[in-house]
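Engineer: Pulled these features from Swiss-Prot for this protein:
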type     : residues                                 : note
DOMAIN   : 4-194                                    : domain 'Glutamine amidotransferase type-1'
ACT_SITE : C81                                      : active site, nucleophile
ACT_SITE : H168                                     : active site
ACT_SITE : E170                                     : active site
DOMAIN   : 195-387                                  : domain 'GMPS ATP-PPase'
BINDING  : S222, G223, G224, V225, D226, S227, S228 : ATP binding site
Amino acid sequence: MPQTIAVLDFGSQLTQVIARRIRECQVYSKIYHFSTPAAQLREEGVIGIILSGGPQSVYARKAPHPDPAIFELGVPILGICYGVQLMGHFLGGKVELSTAREYGHGHLTIKRPGKLFAGLPRKLRIWNSHGDRLAKLPPGFAATAISENSPYAGIEDRTRQFYGIQFHPEVFHTERGVDMIRNFLLGVCGAKQDWTTKDFIAHAVADIRAKAGKSRVILGLSGGVDSSVAAALLHKAIGRQLTCVFVDNGLLRKGERDYVEALYKKHFHIDLRIVDASKLFLKRLKGVTEPEQKRKIIGRTFVEVFEKALKTVGHADFLGQGTLYPDVIESVSIGNNPASVIKTHHNVGGLPERMKLKLIEPLRELFKDEVRKVGAALGLPKEVVWRQPFPGPGLGVRVMGEITAANLEILRNADAVLHEEMMASGYYYKVWQSFCVFLPVRTVGVFGDERTYDYVVALRVVESIDAMTADWAKLPHELLQHISSRITNEVRGVSRVVLDISSKPPATIEWE
């Protein structure tokens, strides 16, 4: 196993970002609950600890505090924002409410570079988010940097290798922030950079073989990035012991079923079973217009269809899943609990426990960007590795109102035009998502000398990093005009195309 950096989570919304930045430096990181016993961290062999930020004051009645014994483990520690205040509080310093709170952009002046700031310019732009500040240094510490309102924006205890910073190096707003993290990992902790795609694949293949033995593994394949990479990794490990089940729910994009069949059956030679349940899904969705009800019907029907499909496949001991690392982190309200608490992941897509299948989740240690790297290394085509997110209920949440075969056909054809033009123009891989939405509204149009009364299609194209926030993409007007012209001319039943220019928040990316 690779060397591990422990990230203790104290409720920061940026905890996952810290973990990702560490991995970008080819060092393995793992997020732990803030109260994780020091003994556990010692047993798991962590070579360094990062204390995350958090929304609380260290003096608050229910403020999250770590096991004090972590400071006796003899490993380097880096405190970020709330984390540096914890270090001050526990090690004999003093924390106080700042007279001028620091939020947003700020400026850092480095006084003593030391190992943390080695090789960096003396002055840097940083990103702040704190109301408290360190007012008195703990014994053994020295100030290394200052900001506008903090005389201790950077501190260090070289003997114990404890470092603290009163800003967020993990966000892109902080200039050279990743270099600071890298300095801590390599220069202070002595990390070997042994977390690579090649090494992960080798370890994952060995783990899958050890766990599965000669047993059969069933994987629900959607054609999306996560399930595709999981399928490729499982197949590399156990070959013919893997059977994939693809459910055609009638809510797929144009040509999707044929594409999946060609890719996995013919290219990867995976045992793929395709179940056509499109008529059943549409029958159960008939007359339903409420979004949440549609989602529940689609979810329940999928579970039922998938369970029946498994009976035709034959005996299997394991169910494979494309679970990712963010999936095993449960978001909870801030209070005495952190924003991200590691939990045992039991979400198997709603599949009944009576199936008594054990889980194999080969991607559960990875973030999305790492999954894409693994997919590329396993030989998956670019259009799969970099495929845009697609909702679980499929086009069912992109048809407003009742889902009918006719409405789906209109949406499917319009979406295909948008996809073609986004690919041809080179914008497909530059945006987070681009798709069409069918609106059950008829408007007056003119074709030739005849008046028409046809439907409206909305274009939704957004830019984002993690889907938590998003902004509408400013595509060239000429491209938008061409897309609109093609849809209204080539897709029967559409007379008007509109553009959604809403950001998230307040709008969500999907319409339902």
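In case you wondered, yes, glycine gets a Cβ from its N, Cα and C as well.
What's the neighbourhood like for these features in this structure?
Structural biologist: Across the domain 'Glutamine amidotransferase type-1' (4-194), the model assigns an average pLDDT of 92.
Cβ contacts within 10 Å of C81 (active site, nucleophile), excluding its own Cβ and spanning all protein chains shown: 27.
Applying an 8 A CB threshold to same-chain residues 6+ apart, the list for H168 (active site) reads L14, G53, I80, C81, I126, W127, N128, S129, T174, G177. H168 (active site) carries neither a helix nor a strand DSSP state and counts as coil.
Counting only same-chain residues at least 6 apart in sequence, those with a Cβ under 8 Å from the Cβ of E170 (active site) are L14, V17, I18, R21, I80, G177, I181.
For S228 (ATP binding site), the same-chain residues 6+ apart in sequence whose C-beta sits under 8 angstroms from its C-beta are L221, G322, G375, L380, V384.
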Engineer: What same-chain residues, at least 6 away in sequence, bring their CB to under 8 Å of the CB of G223 (ATP binding site)?
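Structural biologist: G223 (ATP binding site) has long-range Cβ partners F246, E256, Y259, V260, V384.
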Engineer: Reduced to three states, what secondary structure does DSSP give C81 (active site, nucleophile)?
Structural biologist: coil
Engineer: Taking the mean position of the Cβ atoms of S222, G223, G224, V225, D226, S227, S228 as the ATP site, which residues outside that list, in the same chain, have a Cβ no more than 8 Å away, listed in sequence order?
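Structural biologist: Result: L221, V229, A230, G322, V384, R387.
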Engineer: Across all the protein chains here, work out how many other Cβ atoms are within 10 Å of the Cβ of D226 (ATP binding site).
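Structural biologist: Taking all protein chains shown, D226 (ATP binding site) has 20 Cβ neighbours within 10 Å.
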